[in-house]
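Colleague: Here it is, the structure in full.
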Amino acid sequence: MSLDETAPQAETTAPIDPETVPGWSREGRLRLDKWLWAARFFKTRALAHAAVEGGKVKLNDARPKPSREVVAGDRLEITLETEHWTVVVAGLNEHRRPAPEARLLYRESAESAARRAADALARKGAPQAEHGGRPTKKARRQWERWQEG
């Protein structure tokens, strides 16, 4: 038996056909907060609802209500804590599916992907606050002596 036979083979993931995903459709309408939850932009519908009401989501350059229905082809601008997404609705699904299937619900613009990558790179190089954790007994006593003057 050679080394090549025992080496684990890299898994090749075939592209997912949207038509095989349960509940996926291009037709119809779906509430905005439910679509955001199903597309995995938010962990819960309540968080999606709050983000829409808080103005973090724009639908076709307008500020929508969470109950506004989206259709395939609608343009969304989604602002999360550190990321800004610009996507076009490609499909609808009332059920939350695994992430690879959820990505089929939208198409991100090239500018949005480039901007998110640049922002991530900038955050990676930014200085982080240094926190040594809980102070030791010695450090705490030094701090107390310094405060007393």
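Glycine too: its Cβ is placed from the backbone N, Cα and C atoms.
Feature list, courtesy of TrEMBL:
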| type | residues | note |
| --- | --- | --- |
| REGION | 1-23 | region 'Disordered' |
| DOMAIN | 30-93 | domain 'RNA-binding S4' |
| REGION | 116-149 | region 'Disordered' |
Colleague: Are there residues at least 6 beyond the ends of the region 'Disordered' (116-149) whose Cβ is under 8 Å from a Cβ of it, and what are they?
Modeller: 82-85
Colleague: Summarise the domain 'RNA-binding S4' (30-93) as counts of helix, strand and coil residues per DSSP.
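Modeller: So the counts come to 16 helix, 20 strand, 28 coil.
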Colleague: In the region 'Disordered' (116-149), how many residues does DSSP assign to helix, to strand and to coil?
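Modeller: Grouping H, G, I as helix and E, B as strand yields 22 helix, 0 strand, 12 coil.
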